[in-house]
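**Q** Pulled these from TrEMBL:
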ACT_SITE  Glu103  active site, nucleophile
ACT_SITE  Glu107  active site, proton donor
DOMAIN    1-215  domain 'GH16'
CARBOHYD  Asn111  N-linked glycosylation site
SIGNAL    1-24  signal peptide
Amino acid sequence: MAARLPPLALLAASLAVMAAVASADSWLYEKFNTDGTVRADYDASGQQVAMLNLDRSSGAGFNSKEQYLYGEFSIQMKLIPGNSAGTVSCFYLSSGDSDDHDEIDMEFMGNSSGQPVVLNTNVWASGDGKKEHQFDLWFDPAADYHTYTIVWNPTNILFKVDGTVIRCFKRYDDLPYPSSRPMALHATLWDGSYWATEKGKVSIDWAGAPFVVSYRGYSADACVSGGACPAGSDRWMNKQPDAAEWGTVKWAESNYMRYNYCEDGWRFPQGLPAECSRS
């Protein structure tokens, strides 16, 4: 029969295991500053989970300590269950708040119970935005974690859901493109009642607060501003969609696209943006 450890030894062993699991995937406070109510814990697999809290007093977020110029950025998110109308959960890159800022957005616009959650993708370059493609998600993003990815390189920007490319924003030499301003990575949860759900018709029901979004599995394979690019960066630095990925883009557009700025003539009375007429 194996010898039994005394209680103090058992406690010490348990703490050592917990510390080893925690250190295996500890990214939040090492890589980000936080705002508002952000809690961190570990799931059963040892992955660190960051939970953003939204209530009447404030939203929450975490913002990378480093800035990047090109890279592949991924995170797993579990969104707000039930009635999340009026809330906006985000994963995005931004160069700041100036009028000429660059930004690449994945924004999840809350839904009334039973309605699909809308993923808003957008690109800003030199302060020029209004490039939205919006998609109804084809799964329940609150039932489990799903992986959302931004690939940003000198040629194009790819938006991916669970590894599937749903949008490609191409670069054209004569049009604005985010290529010179380093950007920080942000995750936020905030009150977007004026805009998020049915164009602002449905506001947050604060009786359901606090609202919580969980993030885990963060990764950034990216060029740090002022530093070298990581080994193997050619994998994403030169990435363009292949034929199969253009097929998934068409699939997403045909089956789940809710809004395409290139089809909104009312919004652009002087003519659609130039890239809309290019393949």
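Every residue, even glycine, has its Cβ placed from backbone N, Cα and C.
Quantities reported herein were computed from a predicted structural model and do not represent experimental measurements.
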**Q** Over the domain 'GH16' (1-215), what is the model's average pLDDT?
**A** 90
**Q** In Å, rounded, how far does the Cα of Asn111 (N-linked glycosylation site) sit from the Cα of the residue listed as 'active site, nucleophile'?
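**A** Roughly 24 Å, rounded to the nearest whole number.
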